[in-house]
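As written in TrEMBL, here are the features:
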DOMAIN    65-319  domain 'G-protein coupled receptors family 1 profile'
REGION    387-422  region 'Disordered'
TRANSMEM  54-74  transmembrane segment
TRANSMEM  86-106  transmembrane segment
TRANSMEM  126-144  transmembrane segment
TRANSMEM  165-190  transmembrane segment
TRANSMEM  210-234  transmembrane segment
TRANSMEM  255-276  transmembrane segment
TRANSMEM  299-324  transmembrane segment
Amino acid sequence: MDITSTLANILFVTTTPIPSVQTPGTTPQPIVPELEECYNDPMFTIFTYTVDDMLLAASMAATVFNVMVIFCAIKLFKRSGDTMHLFILNMTVGDLVLTIFCHPNELLIRKHDFLQQKHLCAVVHYFNWIGLAVSGLSLTLLNVDKLIYFRWPLNYDRSMSKRRAAMFCLAIWAVSIGFVSYCWLFNIVYIFHQDCSLQMTPTKKFYYEIFTMLFCVLPVTSSLIVSIYLFNLTRKKRNSENSGDSSAFKNKVKSLAFIFATTTWTSCSLLPYRIVNLARIHLFTWSELSCEGKQRMNWIAWVLVYLLTLNPIINPLITSLIYAPYRLTIKKFLVNIPVGNRPLYSYQPDGLQSDSSFVSVRRNRNRRSSCTELASLRQSTEVVRISMSEPPTTPLKSDDSFFFESNSPLEKKPPKNFNSPS
């Protein structure tokens, strides 16, 4: 997520030729010629350039999915009032900040020197930290919401009302913006103008560790623990003899698959880089590594950075593919998009019909009604003809004379001109 800022803080040297190796809180030290080969591996340069281009395209595509997930979250929250959609909305907005602005600018800044402007880099890093913090804390609240529902269901409505959930979301933004703004306003972090890297004041380097722990490691770790606990808890509830569960409870159980998948993916993509970063700060020093060790750590660091960048790109895909309400809403939206002059096809889940489907239905009904009216008209014409004419008669022979029996089912009596035998 925060690629350039975290790279500068952990002292991993970038692949592009730079005039110095920076250490947080220290002045840049020039690279001696014999160590240049440690940072100028041609295969590594090709690898980073290729992955940067792929991630740039993926970020643009993920922006579209993030916007659709936000649209679905608003629509589903208005329909059901489930506070879970508020936390999904909050988390997705944080991911959208990263995919629509931060990641594309970071990738382009690394490729083009004219974009390495101090103010642009400062804005990118600022929103990078905010997007990271909001996304991580929203994921924690998403798991806490489900924990309260399944662990203390009687207190759920009081503990997690719509108003309280909205206040939690606003508090996340307030805390994130407040902490990041404090770090920038008081020059705890600053931009090194030569390569757009983020530097920290020597006596206040612990602020980065606070940010890493409070907004990245602890939220994701606690979310993973809660997700595993909820998975085991719901499995026990399903195996119990209580078969009269409400539909709301079943929907909550189905939503756990999405939450567990999102939490697992975030843990796998975010925690490795943060753990390696903290280990680097406290366990070894970059300048003391050999050339081979620096090359090895450089590869590991960038692979973990790219894995970190994929987090907000994959998150909307997990939401839109695994969670059924979002999948059906997005599918309905995509199917109803008109293509040229082709009539709209309506996707109709659960027997529902849209306005476009009524056009064909009305035509079929009119066609069937016309055929029915024509058949009724023919039948009534035949009835009128029969009633206007004399009923046909058939002569029958008796012992003394003849008489005529009417074929009409309504009456069977001889005509007036003949008498039956007495």
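From the backbone N, Cα and C atoms, a Cβ is placed for every residue, glycine too.
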Positions whose Cβ lies under 8 angstroms from the transmembrane segment (54-74), at least six residues beyond its ends:
85-86, 88-89, 92-93, 95-96, 99-100, 103-104, 107-108, 306, 309-310, 312-317, 319-320, 325-326, 329-330, 333
Test of understanding: applying the rule of at least three C-beta pairs under 8 Å (pairs 6 or more apart in sequence), is the transmembrane segment (86-106) touching the transmembrane segment (165-190)?
yes
Long-range neighbours of the transmembrane segment (299-324), counting only residues six or more past its ends (CB under 8 A):
1, 3, 6-7, 10, 12, 15, 44, 47-48, 51, 55, 58-59, 61-62, 65-66, 68-69, 72, 88, 91-92, 94-96, 98-99, 103, 131, 135, 254-255, 257-258, 261-262, 265-266, 268-270, 272-273, 276, 330
